[in-house]
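First up is the structure itself, then whatever we jot down about it.
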Amino acid sequence: MPDISRTRSLSVRSSKSRSDTPAPSKRHRFTFASLRGNYQPGLSKRLFRLIKSENYVINAYESAGHERQSIATQLSEWGEQTGDDAVSELSDKLGVILTEIGAQEDIFAQNLEDYRSILKQIRNTESGVQPSRDHKTKVQDEIARLKYKEPTSTKLVTLEQELVRAEAENLVAEAQLTNVTRAKLKEAYAQHFAAVVERAEKQAILAKHGRRMLNLLNDTPVVPGDTHEPFDAERQARQILYDAEEDLRIWTPDLEEVPTQAHPVVGGVLDGKAAATSSLAPRTVELGNHPAQLGIHPAHRKVSGTSNHSSAGSSSSSVAADPPYSISQEERRRRQDMIVAC
């Protein structure tokens with residue numbers, strides 16, 4: 001948290017030389033990487049646009065913060081040239097508070113950038129799942145084409161085995177996508193809303209002390225020829241700034257805890273220590289990783305960990321089950337023979 005007294009002392013006029021040069025903007029310039037949106041997989045296009053739009057929002061908050069700080073300096077400089085000692089002193093102190101309010105906008109923009117980077121992890125995972133879906137669909141279409149044009153083609157068996165592998169890979173990828181999406185969506189917007197609360201509460205603190213500062217200004221009308229009493233509340237004005245600094249320093253978030261998953265997913269891949277007990281582990285067993293089962297449709301595979309008696313008892317139902325696409329009687333008998341052989 002920026003320290004008012006250390007960064008800006010008790011006046012914004014001491015930084016006149018710096019105020020002549022506008023604060024550098026953190027805008028993201030155009031690069032060839034900006035063209036990636038035109039080549040995003042269909043699955044991740046919407047989130048890509050959302051993340052891109054958030055970048056414009058971040059730039060707007062950064063710009064607003066810099067403009068607020070510039071206006072604070074202008075207020076102080078205007079008050080100094082009025083010739084009214086009370087207006088001069090209080091406008092300078094108000095400029096300090098307004099400068100800090102502008103700094104909170106910049107901090108908020110930085111927190112939004114952190115939230116945006118979390119959303120990127122979902123986008124990257126979606127981009128990684130799209131090829132798996134496309135490959136599965138391509139194999140299914142090729143099988144359907146051969147069944148229609150060359151029902152007796154020897155490529156059908158090879159393609160069906162390839163479909164089994166594609167479905168297995170896609171099943172794991174879809175599970176990872178679900179885990180990443182849920183975990184990172186919760187993490188991202190927990191970060192976002194925490195940043196909103198921090199910005200709002202700190203700016204409210206500063207605004208309340210700003211109103212205290214205004215109470216030091218005597219605005220009682222005077223008749224022509226009379227003058228206000230000399231301003232003697234400099235010490236109180238400094239104390240208000242000290243109080244604002246202290247309130248910001250001791251501020252702590254009072255937020256409802258957002259529970260997170262026990263085994264986080266990082267970068268679309270399960271953490272190594274958590275993989276054994278993760279929700280993906282049972283799915284991996286059901287897929288049947290044994291080489292003897294790689295060419296068998298998941299509906300006919302033997303699930304590891306089951307007894308021989310249970311396998312035998314359910315063999316008739318497993319043999320009767322068909323894959324999720326139409327097959328001929330000859331193919332069904334061939335698949336049953338393959339299952340018995342395995």
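Glycine is treated like the rest: Cβ placed from N, Cα and C.
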Per TrEMBL record, range annotated coiled coil [choices 156-183, 240-267]: 156-183
Mean per-residue pLDDT computed across the coiled coil (156-183): 88
